[in-house]
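Listed in Swiss-Prot:
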BINDING   Y34, Y171, Q175  L-tyrosine binding site
MOTIF     39-48  motif ''HIGH' region'
MOTIF     231-235  motif ''KMSKS' region'
BINDING   K234  ATP binding site
DOMAIN    353-422  domain 'S4 RNA-binding'
Amino acid sequence: MSVIQDLQSRGLIAQTTDIEALDALLNEQKISLYCGFDPTADSLHIGHLLPVLALRRFQQAGHTPIALVGGATGMIGDPSFKAAERSLNSAETVAGWVESIRSQLTPFLSFEGGNAAIMANNADWFGKMNCLDFLRDIGKHFSVNAMLNKESVKQRIDRDGAGISFTEFAYSLLQGYDFAELNKRHGAVLEIGGSDQWGNITAGIDLTRRLYQKQVFGLTLPLVTKSDGTKFGKTEGGAVWLNAKKTSPYQFYQFWLKVADADVYKFLKYFTFLSIEEIDAIEAKDKASGSKPEAQRILAEEMTRLIHGEEALAAAQRISESLFAEDQSSLTESDFEQLALDGLPAFEVSDGINVVEALVKTGLASSNKEARGFVNSKAVLLNGKPAEANNPNHAAERPDDACLLNGEHKRFGKYTILRRGKRNHALLVWK
């Protein structure tokens, strides 16, 4: 199966230019292709995964991927289908983000061997270009009429009170020139990107043909949608980042574990490197079993292993199992740090707090009276163990102090998992 056929079977092609010619070229020879990543934050998020993984798929088929980090274009920001003007970031901020994104792209691609991946930064050519050269050598090849007819530009112009600045209007010229420059430097003949990049990609194709009389191609990947209409890649806590310091491996694992049945088989095709035959077999087995599908677990394992590695996957599974177990002794200090980052609602507490106060503070009970009822009915656990009276000498006027949280409840001298019922948790972080 060719790489184009594989992408088609996974539903990963939204638009292409001359797909028959592209497929023939890919079957006849090994090519160089690229995808651009503008630094708009200090980390990539799962919305970037499709193009990153597409580069990897092409490399596995023997082609040379180029990861282009937009050190220059990131100073402006892509206006494509954005409702309003982007805020501009300082050169120092963008430079820091460039380095972060470069390091995050590295694990996905192999930078050794015959088709070693290439890392590029468009600041290398735009940083040396002056305004007159840009207007004379690049601008003359672009039609303002054609630019105004791009759907992404028309939407901004037609939106009341919006409009578009010349800075953002000129963005497609910069991205278009990236293609021409990478064609000249590295022989790139294919640009891939998200479906919102079609206008920018075709601008680069046109410019490269005009400058170098080369046939080059574009391919876009689909917008990832969820069956319930909500935005993919967002949780109540915000974006799901690839950086473990922004989204913990545990939370990352949980995100994939919670994918709806209606989406999970599509996402297995989109995001994993399991074969279509393997995915179809998983779906058939799930539908025949009549019990809880295995697909979500497989998806969560594949994605967490791919992004964070085997150790992080093991930690995510350990945390997931321990939260609902009586024995939580297997949790490491690093596991608790993940929970404190984003795994559980975390609350700072001080010595002397009792379990009733802790339940109210964390919102696991709405009042002291309700909290006492939970404690008396044995519905409250501390690190997996039932909360029990441990302070027989408490003051008569403070009956709730019969169960004080103390050193025996502190894991690593800092953490206590408070649980009410089967699924309601909070993490106490001791000052």
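Glycine is no exception: its Cβ is also placed from the backbone N, Cα and C atoms.
This view paints the features noted in Swiss-Prot onto the structure.
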residue : record                  : CB count, 10 Å
Y34     : L-tyrosine binding site : 24
Y171    : L-tyrosine binding site : 23
Q175    : L-tyrosine binding site : 26
K234    : ATP binding site        : 15
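For the motif ''KMSKS' region' (231-235), same-chain residues at least 6 beyond its ends with a Cβ under 8 Å from one of its own Cβ atoms are 45-47, 224-225, 251, 255. Note: the CA-CA distance between Y171 (L-tyrosine binding site) and K234 (ATP binding site) rounds to 27 Å. K234 (ATP binding site) is 27 Å away from Q175 (L-tyrosine binding site) when you measure Cα to Cα.
For the pair Y34 (L-tyrosine binding site) and K234 (ATP binding site), the C-alpha distance works out to 27 angstrom. Spanning the listed L-tyrosine site, residues Y34, Y171, Q175 have a farthest Cα to Cα distance of 18 Å. Sorting the motif ''HIGH' region' (39-48) by DSSP state (H, G, I as helix; E, B as strand; all else coil) yields 3 helix, 1 strand, 6 coil. Look at Y171 (L-tyrosine binding site): DSSP puts it in a helix.
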